[in-house]
Amino acid sequence: MAHSPVQSGLPGMQTLKADPEELFTKLEKIGKGSFGEVFKGIDNRTQKVVAIKIIDLEEAEDEIEDIQQEITVLSQCDSPYVTKYYGSYLKDTKLWIIMEYLGGGSALDLLEPGPLDEIQIATILREILKGLDYLHSEKKIHRDIKAANVLLSEHGEVKLADFGVAGQLTDTQIKRNTFVGTPFWMAPEVIKQSAYDSKADIWSLGITAIELAKGEPPHSELHPMKVLFLIPKNNPPTLEGSYSRPLKEFVEACLNKEPSFRPTAKELLKHKFIIRNAKKTSYLTELIDRYKRWKAEQSHEDSSSEDSDVETDSQASGGSDSGDWIFTIREKDPKNLENGTLQPSDLERNKMKDFPKRPFSQCLSTIISPLFAELKEKSQACGGNLGSIEELRGAIYLAEEACPGISDTMVAQLVQRLQRYSLSGGGASAH
């Protein structure tokens, strides 16, 4: 590949033809982030420890727009509460993204050994709020706030990570109406594809607060496709159990279904739960040490199992999701969108050239496309048949072209059946 699609016109991209393998020493693999693998590394010029995300652009063709988005947003950010970005280098088909090294793990990792106390929860939430306050003041929204996307340094500093679906708010109303994020943490207005703003991040923060307290988000036992229908329909989740009234009120304030009634990040920094409980971030080093001890014990117990392949340091942009179907829905390339719905690739268009051009079901871009991307990724990881998955995806597009709207009908029927199955005792109740 002579020229990468991201080689020119990308903010933050190094224009010098420097060889990243000469500038940086790549050490052990420490994570699997969005789009690529993450390595610990050394900047040979300064001897500073860095994180190196390496992406094969030939394998990540479908994610080029998201990679560009992440680099663009990170290169525009300058905050102690956002993961620092040092630059990008292109070598052959490999893109090297150099970032701040954060060796304390993700907030999700820190939950693995056991629950957090309310002082730890408040301290982490305060730092997330500082990051959100900065982003929102810069007219940016993160759109994928969750514990897995919150990273810590070895000294307890807390930083926001994974900006692959972040959005720039540019119009006078400061609204977006794109459908991105991770289902369990998504605000109702995002799922309904209504216009939304930075208050969508506040809803996700409320879900993250429940996640930090309980170890998982609400509805985690359900299939994400079902959750996409439950969140707009049901009352907002509440934090149940023996937690303090201020923490429950903090969650309740974030999880108001009316976005305008949710507080801003700046207002939440003054909430009594934060003021009364949050401590200096150095307090979190005890939590990091606990996680490292637990991880060492686990590696001894599981050394002969496939868990030896699991990344350990978690400089991972959301790479710690435990569920097989906790996918992040990413915004599609505008060039492949028409009237807000996903259009087929050139290959699919060639297959369908004899059909008249018609609009496609909305669910193709919001549900089916991300689902097939996840299927392909998991099939590739276990040596499955990628061709069969691609054939099935192509068949759905062909059926859609022949009968517009059939995919929306199919998904609606699937959800109804899931709900009936759930209510008849086959799973958790939808009510």
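Cβ atoms are placed via backbone N, Cα and C, with glycine included.
Lifted from Swiss-Prot, the feature list:
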MOD_RES   Ala2  N-acetylalanine
DOMAIN    24-274  domain 'Protein kinase'
BINDING   Ile30, Gly31, Lys32, Gly33, Ser34, Phe35, Gly36, Glu37, Val38, Lys53, Glu100, Tyr101, Leu102  ATP binding site
BINDING   Asn149, Asp162  Mg(2+) binding site
MOTIF     323-374  motif 'Nuclear export signal (NES)'
Listed binding-site residues (Gly36, Leu102, Asn149), ranked by Cβ neighbours within 10 Å, top entry: Asn149
Alpha-carbon distance [Glu100 (ATP binding site); Asn149 (Mg(2+) binding site)] in Å: 14
Distance from Asp162 (Mg(2+) binding site) back to Gly36 (ATP binding site), taken between C-alpha atoms, in Å: 12
Structural state of Gly36 (ATP binding site), classified by DSSP into three states: coil
Rounded to the nearest Å - Cα separation of Val38 (ATP binding site) and Asp162 (Mg(2+) binding site): 12
Rounded Cα-Cα span from Asp162 (Mg(2+) binding site) to Ile30 (ATP binding site), Å: 15
Least buried by Cβ count (within 10 Å) of the binding-site residues Glu100, Asp162: Glu100
Averaged pLDDT score, the domain 'Protein kinase' (24-274): 86
